[in-house]
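The next block holds one structure in the form of structure tokens; read it before the comments.
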Amino acid sequence: MTSENPLLALREKISALDEKLLALLAERRELAVEVGKAKLLSHRPVRDIDRERDLLERLITLGKAHHLDAHYITRLFQLIIEDSVLTQQALLQQHLNKINPHSARIAFLGPKGSYSHLAARQYAARHFEQFIESGCAKFADIFNQVETGQADYAVVPIENTSSGAINDVYDLLQHTSLSIVGEMTLTIDHCLLVSGTTDLSTINTVYSHPQPFQQCSKFLNRYPHWKIEYTESTSAAMEKVAQAKSPHVAALGSEAGGTLYGLQVLERIEANQRQNFTRFVVLARKAINVSDQVPAKTTLLMATGQQAGALVEALLVLRNHNLIMTRLESRPIHGNPWEEMFYLDIQANLESAEMQKALKELGEITRSMKVLGCYPSENVVPVDPT
């Protein structure tokens, strides 16, 4: 008997257990859907914080009996709870807006493998049975596909925790007729991807979209001799490297995307900011209603007067109505030097009484105002059992 046989037998047992775990997770999700249907009938909120806290406390106690530490149990079940919450939110939204869950054509930046493609897949997996891909070369093309009916939805990045706002997307939002109908956050783990056996000293050219270069500038500064080549998306960069089959070129992108192009990970890169996330928004031709059982977010676009204190006056309206602003972004108004438009994310349902009062007051004190969309908030803040 070789020394590998006992190890092989143990791995087979682990694989068998993993299959059982997957089946149980799928069964649990089906039950979460049934819970969502019950909440729909009883009109109870999707989130029940007390129930979540009790659940975690009970599981931590049970875990101790099996020598599983509290941190492990908490991390694992917070993720499972988040999945249940988002699954139920999607169910309620489909019912309220009479959305056909069968299939949707979704436009995104780049060919397959881009971060936008991964985000589109994530959104589609929760909302539709079939995802028809529509990769685009530019952000403007994505908006145009949905505006002209070639696609049903657009998924575009809007901000990153490391490199900040995606200005091109904010500028397109100024002029589009589309509405924001959803959001999601994607963890961004950049890798240096190559087409074969090579090492860092052999690389002389790196391809990627401008955003990853910004987010990984500290790492790149260690290799000042590398030539930086910009592409329209991370997937376009991967495509170039895959076609080149050269030990001297690499792409910055995701490991999942690299796998689609047959690339290997040469180096896992820590971004300038350790927790690197990109927030994406989903756009459609028609605005949606958001169930009052679901936490909602409303995005506004407004222009204030140029007099001193105009923006502060507008923000005070939100405070006076106990509305929480989660983001404020400014962009220049093209053709009007020194004038700016402001984008606001507000933690509220558009149809709530306080939001309606605030909109009325804002309409009276701003030069212009537009609701870009009201949509379910997918920021599921985990419950702390302690």
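Placed from the backbone N, Cα and C atoms, the Cβ positions cover glycine too.
The substrate site recorded in Swiss-Prot comprises Arg11, Lys39, Asp48, Glu52, Ser84, Gln88 together with one of Arg28, Arg75, Arg105, namely Arg28. The number of other Cβ atoms within 10 Å of the Cβ belonging to Glu52 (substrate binding site), over all protein chains shown, comes to 20. Break the domain 'Chorismate mutase' (1-92) down by DSSP state and the numbers are 79 helix, 0 strand, 13 coil. Fewest Cβ neighbours within 10 Å among the binding-site residues Arg11, Lys39: this applies to Arg11. In sequence order, Ala32, Val33, Val35, Gly36, Lys39, Val46 constitute the residues six or more apart from Gln88 (substrate binding site) in its chain with CB-CB distances below 8 Å.
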